[in-house]
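Chemist: Pulled the feature table from Swiss-Prot, pasting it below:
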ACT_SITE  S688  active site
ACT_SITE  K731  active site
BINDING   G365, P366, P367, G368, V369, G370, K371, T372  ATP binding site
DOMAIN    19-212  domain 'Lon N-terminal'
DOMAIN    601-782  domain 'Lon proteolytic'
Amino acid sequence: MADDRQLVDEISAATTLELPVLPLINTVLFPTMVTPLFVARELSMAAIEAAMSADRQIVAVAQRAIEIEEHDTSQLYQVGVIAHIERVLKLPDGTTSVLVQGQQRVQIVDWLATEPYINAQVQIIEPDHESSLAIEAMMRGVLASYEKVVKLSRTMPDDAYVAALNLEDASALADLIASTLPLDIVRRQQLLELFEVEERLRRLSVVLSQEIDVLELEHHIQNQVQKEVDKSQRDFFLREQLKAIQTELGQEDPLTRELNELHDRIVAANLPAKAQAKALEELGRLEMMPPAAPEYSVIRTYLDWLLELPWSKTSADVADLEVAAKVLENNHYGLKKVKERILEFIAVRMLAGDSTKSPILCFVGPPGVGKTSLGRSVAEALGREFVRLSLGGVHDEAEIRGHRRTYIGAMPGRIIQTMKDAGTINPVFMLDEIDKLGNDFRGDPAAALLEVLDPEQNNTFADHYLDLPYDLSKIMFITTANMLDPIDEPLLDRMEIVELPGYIEEEKVQIARKFLIPKQIEANGLKQHPITISDEALRQIIRTYTWEAGVRNLEREIGGICRKIARRVAEKKRYPRRITPTMLTDFLGQPPFDYSRANDRDEIGVATGMVWSSNGGDVVAIETAIVDGKGTTTLTGQLGDVMQESAQAALSYARASSRRLGIDGKRFEKIDIHIHVPEGGVPKDGPSAGITLACSVISALTHRPLRRDVAMTGEITLRGRVLPIGGLRDKILGAYRAGITTMLIPKKNLRDLEEVPNNVRRQITVVAVEHMDEVLPIAFVSNPLERGSQHTSDGDQTSVVLPTITQPQLGSVEL
């Protein structure tokens with residue numbers, strides 16, 4: 001030790017020294033610190049050999065980064081420590097262990113050489129031995145903080161604090177504490193580069209406070225973890241002891257009893273072979289797993305789903321056609337085709353048994369016609385359970401097929417969930433609003449439904465959650481839609497389309513009388529105070545308070561009347577027992593609708609067209625105005641692309657037939673034609689207004705009026721041929737309601753007349769046409785066709801004299 005003090009004194013006496021440099025990786029050496037260093041680089045070995053051949057003094061300097069070029073002195077810090085090499089030991093792996101002791105801080109003055117080792121000129125930094133009351137106070141604070149750190153730390157030895165407590169020199173105390181703290185290289189180097197002891201102690205106080213906060217938080221976390229581990233171990237030991245006690249007493253523990261009950265349920269559930277094997281396999285995993293394991297609840301939930309699903313339980317089908325027919329007749333008015341189809345299915349099941357595949361019906365019709373309620377009646381007629389799944393707004397394929405069990409919170413798809421609610425394997429399953437399905441990046445649910453609705457595949461439906469084939473073939477699927485256009489073609493191909501058209505006025509009156517009024521009287525507590533609504537009042541409600549093809553809003557209006565009566569009864573006021581048309585304003589307010597009526601006079605340029613929407617049929621007056629201009633055509637009324645093209649075709653037909661119609665062909669270049677379809681706020685589209693547009697344009701050009709009691713529908717070609725259209729039944733009913741008695745329809749639509757009720761057909765005249773030459777004599781008050789050429793059915797032209805057209809009789813069909 002005397003030699004060491006003498007060496008330090010000699011070093012301190014010199015202003016600068018030239019010494020070899022040992023770069024340190026991920027280490028900062030402090031004065032008085034003794035530490036082993038492991039050296040492998042040739043540059044470092046050369047520096048050590050040079051020091052050993054001299055006075056064993058070497059400058060230990062930390063590298064700024066772990067990976068640097070060996071001779072790159074710019075990556076070395078400028079402040080280091082002179083170290084005395086105590087021992088050098090070569091190891092079997094080729095590295096060298098060097099034991100060094102730090103002595104004094106030095107500042108690098110100049111880098112003298114980098115070959116064969118780094119040599120530098122250094123200036124010794126004299127240690128700061130200043131002593132004051134402030135330094136004494138800081139030493140005490142640092143020691144107190146250091147004591148806390150040593151107590152909280154799991155890695156620092158207890159004698160580290162004892163060693164620090166025995167130091168009286170402030171600089172030595174600061175260096176000792178800094179060398180033992182678990183700091184990164186940057187913070188260690190910052191402490192090394194603080195030459196004034198007061199500043200070093202102040203910085204060390206901050207570092208110790210931060211370290212105390214970290215250690216206390218770590219200690220808190222460790223305690224929490226240990227408590228949980230101890231509790232789990234305690235619970236485990238208690239359960240094991242309880243199990244042993246119960247075994248000694250001949251009792252069964254609850255967990256074992258629960259697992260045994262699960263096993264018995266699996267055996268008794270009459271599962272298919274694959275499902276039973278899967279259930280027993282999962283039960284085996286459950287038995288090997290502690291209840292606290294996260295997977296335990298996942299497997300248990302999966303087994304509950306397997307056991308609660310109906311795998312073989314069925315409802316006995318009704319085998320009496322008369323009973324089924326009576327149920328359908330009591331619950332629904334009309335709908336003859338639908339009822340016949342259901343009775344046919346029951347008859348086939350009676351003859352063929354379970355071998356016949358259940359049909360997949362698609363009820364298509366406007367809102368409120370009874371599609372959903374008809375599904376319930378079908379289930380009642382068949383004696384089966386009824387379940388319903390709404391598909392409106394479903395965008396994710398997983399809604400149909402479910403999620404795999406690898407996902408947190410995974411559940412079966414809505415098909416399997418609904419089957420669990422059904423409780424039997426052969427319910428009537430209604431997929432409501434199938435035309436409202438969507439798709440996005442999560443998949444296409446319509447594609448998943450292809451398997452559900454395919455009788456050849458749905459006996460092995462694959463739900464991702466179950467991961468087992470599930471038999472859907474015994475289900476009678478019924479889908480509902482307002483429109484067929486949005487439904488994917490492959491999906492539509494799997495379904496049998498059953499159209500539910502809108503009700504006519506007389507049907508609505510009968511439905512209200514038989515179903516809606518009794519239902520609302522009971523719902524509003526008027527069974528002891530019954531009321532009646534006259535047929536005239538019902539018709540007035542239908543015509544002016546509702547605008548629909550079904551009866552949903554009609555039921556709301558009847559309910560509104562019943563509620564007003566219920567209030568008067570509750571207030572013990574007088575109320576009418578029979579509702580007449582004159583009372584409707586008092587009960588329902590002013591009527592919001594007014595069905596279109598036929599024009600009260602024959603007009604030029606105004607043709608009556610027959611239209612159809614989801615709310616039913618109606619008539620619309622298409623207007624054409626001719627003004628001086630430059631040959632432009634204007635179309636207004638929010639017309640769609642197809643209807644605009646139809647208007648252009650009608651205009652081209654009129655121009656091509658101008659000579660036959662007595663129109664000056666040059667006139668088209670001097671006029672502007674404006675075609676308008678009223679109710680501009682309502683979008684309109686479709687080709688069926690072609691002949692109506694043509695008649696309106698021809699009337700305006702020839703200045704001949706059109707008959708107000710004639711309505712028409714049909715697509716037009718450039719040669720004047722009339723092509724078939726859709727929605728004829730609703731269009732005829734709408735025109736009939738508007739007071740039209742003569743209707744022009746395409747000849748190819750004659751087959752659709754069977755759908756028109758007989759009582760309506762008897763009161764109207766329907767004229768079937770194939771060409772505009774047949775339309776014009778009936779649509780106009782005076783035939784615009786003059787003596788001249790006329791198109792034949794094959795498109796050729798021939799000179800004819802038109803005969804006088806006699807007006808057809810009511811109830812007739814002109815071919």
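Quick reminder: no glycine exception, Cβ is built from N, Cα and C everywhere.
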Chemist: Radius 10 Å, atoms counted are CB only; among the recorded positions T372, S688, which position scores highest?
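Modeler: Neighbour-count leader: S688.
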Chemist: Here are some binding-site residues: P367, G368. Which one has the most Cβ atoms within 10 Å of its Cβ?
Modeler: G368
Chemist: Give the sequence-ordered list of residues that share a chain with K371 (ATP binding site), lie 6 or more positions from it, and have CB atoms under 8 Å from its CB.
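Modeler: Same-chain residues close to K371 (ATP binding site) (Cβ under 8 Å, separated by 6 or more) are F363, G365, D432, T480, L500.
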Chemist: Can you work out the mean pLDDT of the predicted model over the domain 'Lon N-terminal' (19-212)?
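Modeler: It averages 87.
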Chemist: Measure from the CA atom of S688 (active site) to the CA atom of P367 (ATP binding site) and give the result in Å, rounded to a whole number.
Modeler: 23
Chemist: With H, G and I counted as helix, E and B as strand and the rest as coil, say where DSSP puts P367 (ATP binding site).
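Modeler: SS state of P367 (ATP binding site) = coil.
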Chemist: Within 10 Å of the Cβ of V369 (ATP binding site), how many other Cβ atoms are there?
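Modeler: Result for V369 (ATP binding site): 27 other Cβ atoms within 10 Å.
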Chemist: Identify all same-chain residues not among G365, P366, P367, G368, V369, G370, K371, T372 whose C-beta atom falls within 8 angstroms of the centroid of the ATP site's C-beta atoms; report them in sequence order.
Modeler: F363, T480, N482, L500, A549, G550, R552
Chemist: Roughly how many angstrom lie between the C-alpha atoms of G370 (ATP binding site) and K731 (active site)?
Modeler: 20
Chemist: Give me the Cα-Cα distance between V369 (ATP binding site) and K731 (active site), rounded to a whole Å.
Modeler: 17
Chemist: Ten-angstrom check, please: count other Cβ atoms within 10 Å of the Cβ of P366 (ATP binding site), all chains counted.
Modeler: 22
